[in-house]
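The feature ATP binding site is assigned by TrEMBL to B:128-132, B:H191, B:R236, B:292-296, B:320-325. Sequence annotations record features per position, and here TrEMBL assigns domain 'Phosphagen kinase N-terminal' to B:11-98. Under the heading domain 'Phosphagen kinase C-terminal', TrEMBL lists B:125-367.
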Amino acid sequence: MASMFTRVLSGRNTAVIMASLGAGSLVSSYIMTESGVSAGEKKKLYPPSADYPDLRKHNNCMASVLTPAIYGQLRDKLTPNNWSLDQCIQTGVDNPGHPFIKTVGMVAGDEESYEVFADIFNPVIKDRHNGYDPTTMKHPTDLDSSKITSGMFDENYVLSSRVRTGRSIRGLSLPPACTRAERREVERVVVQGLSGLKGDLAGKYYSLTEMTEQEQQQLIDEHFLFDKPVSPLLIASGMARDWPDARGIWHNNEKTFLIWINEEDHTRVISMEKGGNMKRVFERFCRGLKEVEKLIQERGWEFMWNERLGYILTCPSNLGTGLRAGVHVRLPLLSKDSRFNKILDNLRLQKRGTGGVDTAAVGDTFDISNLDRLGKSEVELVQCVVDGVNYLIDCEKKLEKGQDITIPPPVSQFKK
Amino acid sequence: MPFGNTHNNFKLNYSVDDEFPDLTKHNNHMAKVLTKEMYGKLRDKQTSTGFTLDDAIQTGVDNPGHPFIMTVGCVAGDEESYEVFKDLFDPVISDRHGGYKATDKHKTDLNFENLKGGDDLDPNYVLSSRVRTGRSIKGYALPPHNSRGERRAVEKLSVEALNSLDGEFKGKYYPLKSMTDAEQEQLIADHFLFDKPVSPLLLAAGMARDWPDARGIWHNENKTFLVWVNEEDHLRVISMQPGGNMKEVFRRFCVGLQRIEEIFKKHNHGFMWNEHLGFILTCPSNLGTGLRGGVHVKLPKLSTHAKFDEILTRLRLQKRGTGGVDTASVGGVFDISNADRIGSSEVDQVQCVVDGVKLMIEMEKKLEKGESIDSMIPAQK
């Protein structure tokens, strides 16, 4: 009578169970707590195979990579903040993905996650970042905006320019894992730092819990306000807990430098302006970031960063630079050309609608930005966008004159 | 298990003030009851399965509630939660269940023969009758907290128990993740199929994790006895049929439940129950009997009478639309069920429904004849 119980109850309990099998019923005399087995006992009662998720209908980077063997090795490990593998992958288990869109399917709970669970993060990173191998490669960080050339676009085509990234505060858990106190600490540390910014960077903080109706309306009108995430991918990872506690928006008086606090990452940093002066946008981006870093360092804090993965953020897709530099650009003729997508691919650019990721283009205006995040520096990526967008505008102009265009050769990936 | 806040030792580096949730805009039972002192006292405790206070209250922190609807705002992660965090749960239970005290004892009575009448509700008015409850399996953590391994163990054990039933209870299990399209269509047509919860109250509590792993529906061949596995509770048990024979529905409910319980007990995993809280379920609102017994009944005239709501209150009944909780009535047809869950037995609660609905049908008939019902209005039960 090998019922499921003899399989489930292993270890010291098995002898007791086996002894009573002859009676045709299970009379167990082992001590069970009120609720059942202790967390420690669970490891013996439920081997990793009992907990291994069913990923057969899944299509995300985590599911492609998580074998029962890796799960078995990592299930019982914890980071110093008690964050576990199951917590990293919950979002990918709960969201099988889409046959055409491959999501990442896992998040980090803290800086150490990338280390403790390296056996799964590394292959996921490789899959997501075009073969970047954290065990053998180094990521270059370069925030010297003076190196950018031809960074001024034709404003007959480019309507606006924007660069964004994220930064995490070392020593505090990331949004999926943080306690309320940690999240409030992130808010305190960052807001304090930002209050030291001067000149064109001087600005003000608007906490989500305390902003007035008026302030809220203003921020909505300016397209600055972020709201509680609705995406099941984000919600399943736990980053929306305790909303809107310790969340807020900071921006400079000129409204060209903006920081989101405790949304999907500790901070998201955005530099933007109307028109085509990407060089200036990037200059302010770099200057602002360096200023903020200096200000938090004065109080003994720093950003999470290492030479293998660059800047550490919640989602592996944002490792490295975490940078998305882009423009809103009108390309009425080129966008209808059958070669448009191939040109973008070779330029390592990505198109989105003007509402951002997963939106459709309105009219002929596209959001064009860099595809890559890790393995190339900030300067390289922004230059890539600059060169690429200039090429696209060139194509558009050629088509206007009835001339033919060519597909450019593919831009190289990262230096090995 | 699911949330970051379970790392107790680490968060104790922060003061109570730093960790205490901001509940100033909240309107749920948990928010009304949780003080800083209470939080300070309980925050470093955990049950033996590792469930913490922060886990229990997360849903109430994330969902401030509604100015008119008072939600509970906390859940249990295992049987022990109600004990370890009694300082929170006792006052929440008291508020939710009409003053039920920490020292009160709950009566369980699943002897259907104790029900008087109930087989003669006028079928011209009563369209269908139904009784539901929930059960939790001892030795396993509850849906907010269980691991995949535990959830699958609950499923396996439940299916084994259900498949051993015979006679009127002979039936079949349909796991959510492997049902065929045809089976799915049929279950939808029968109104049996449950889907992944969308309510933010449930999602925030963590009970939808790993969906649809180890979730499924079991029903007997006659489609009058139905069990949901691993939805909001380990088991939800439903007995139903068209027409007004509540006595028969309740008989089948009691017999079916007791048969299932015997099998679980044999495996040393009986139902979670104690003499203070009755049957232990995930949400404190379902403690006691966890029973909702009700009918779909046509009361077009009575439902528009000025005293309808008062009559319901006095009869200890509750109205809902025919879509269930938070729906509107259609064509004068209401879902009428017991309002109480704890402090009275299953028989008591179903008796309330039977007696109350019988009275209301008589009132409806009087109103049809243009007569007054003032003399029939009952005293508060």
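Placement of Cβ uses the backbone N, Cα and C atoms for every residue, glycine included.
With a cut-off of 8 Å between CB atoms and residues at least 6 apart in sequence, the same chain places B:S129, B:R130, B:V131, B:R320, B:D335, B:I336, B:S337, B:N338, B:V353 near B:G294 (ATP binding site), listed in sequence order. Residues belonging to the domain 'Phosphagen kinase N-terminal' (B:11-98) score a mean pLDDT of 93 in the model. All protein chains shown were included, and the count of other CB atoms within 10 Å of the CB of B:R320 (ATP binding site) stands at 18. Sequence-distant contacts (6 or more apart, same chain, Cβ under 8 Å) of B:R236 (ATP binding site) comprise B:R132, B:T133, B:G134, B:V227, B:W228. In the three-state DSSP scheme, B:R320 (ATP binding site) falls into the strand class. Per-class residue totals from DSSP over the domain 'Phosphagen kinase N-terminal' (B:11-98), listed helix then strand then coil: 42 helix, 6 strand, 40 coil.
B:V131 (ATP binding site) has a Cβ environment of 27 other Cβ atoms inside 10 Å. In sequence order, B:M240, B:Q241, B:P242, B:G243, B:V295, B:H296 constitute the residues six or more apart from B:S128 (ATP binding site) in its chain with CB-CB distances below 8 Å.
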